[in-house]
Amino acid sequence: MFNKFKEKLGSFKKALSKTIDEKAVEVEPVVVEQMPQSEESLEEEIEPIVEEEALEAALEAESSEAETEAASPAIAHVPIEDLKKAEYRKKLKDLKKVGEKKVEEEKPPEEKKSFFKKVVPKVGFAQKAKALVFNREVYLDNKDLEEPLWELEMGLLESDLALSVSEAIVESVKNQLTGTTKRIGSNTGEIVEAALKKAILEVVSANTFDFDEYVKNREKPVHIVFVGINGTGKTTSISKITNRLLKSGYSVVLAAGDTFRAGAIDQLGIHANRLGVKMIKHQAGADPAAVIYDAVQYAKAHKIDFVLSDTAGRMHTNMNLMAQMEKICRVSTPDLIIFVDEAVAGNDAVERAAQFNEAVPIDGSILTKIDADAKGGAAISIAYITGKPILFFGIGQGYEDLKKFDPEWFVDQLFNQ
């Protein structure tokens, strides 16, 4: 998915990364002091040092005591304080013996170490772990970005992005990267990719809203009209939305409003039978506004939650069919008008969406065949050009093959290898 678009982005990243590498300069390493993380770690570090100091003091005290006893006669009256000191020295001496015994048991036979050699290597409370973080910094001006940004714009246009969308993305990347000093690590591609992701995310996130929350809070029945040209997956998208609503516990009735195309009523009827929902229809050639009106009245009478109306495929230049669409919207006011087109149609789909939006304002789009789209132009451009969000992606022929649009997920797909 989006393989050709990924190639174009990859070329830009490579070109700009080279420029950044050439201009990047080393900066002084940052010294990061890592203090102990918790009280437990403090206790673990303090314990060996305290134990070591206590044993050293005990040994020193014993040595001086022995010298004193050898040089002086026995003293008959010993002060209480001295008795306490003697008792303390005895406890420390016992502690030393226990410590040495424990260490001897833990050591392998071929490698004997003293108790002090065992505890000294441990990190003490007064010691700090220091790490050096080496960074580089780079300052980019307009001249540095001139050639890479030109390549980016050409790549976007070749990927079927609308000119205004390409310009918006290029301008965003330029504003993010020029005029400020940025710290970078060893991977210069990260700074470039981050700027690109942010720029594209801004474009595809235009006026997004949650379809599920929106319809949940609308007064029932909710009326949704689907528009677009023939052969783009409009009827299939209606069946997928029907399946989604049924899975959410709603009731649905379909309106066979495409009375212009031969076989359209039968095609929608097949989906209605498979999904187990009612379809309201008239004979071929009937007034589609009357069919859709009857479907809405049926939903009200039977307390149906949703009316999904199919319409004849039409171009905005077909004045009769556009007048028909205006009549449908006037007779049975829709809560949502959804434009359906193929992602693989690229910039053509974007132009059609813009033209429909001018004639009969749409509320959002469904792009079908997104799994077969190598360029990604329509998916990136359509929300920006119309000012109306992408609601769903069609990703296959099954009823479950409908992906709710998530801007961040979509941008990740553009960069995933």
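Yeah, the Cβs are placed from backbone N, Cα and C, and that goes for glycine too.
Quick caveat, the model's predicted, so the values are computed rather than measured.
Residues or ranges marked as GTP binding site by Swiss-Prot: 228-235, 310-314, 368-371.
Cβ packing within 10 Å was compared across the binding-site residues GLY228, ARG314, ILE370, and the lowest neighbour count falls to ARG314. In this structure, THR311 (GTP binding site) is part of a beta strand by DSSP.
A C-beta separation below 8 Å, combined with a sequence spacing of at least six in one chain, links THR311 (GTP binding site) to VAL225, PHE226, VAL227, LYS234, GLY257, ASP258, PRO288, MET325, ILE328.
Just so you know, the Cβ of GLY231 (GTP binding site) picks up 9 other Cβ atoms within 10 Å once every protein chain is counted. The 10 Å shell around the Cβ of LYS234 (GTP binding site) contains 25 further Cβ atoms across the protein chains shown.
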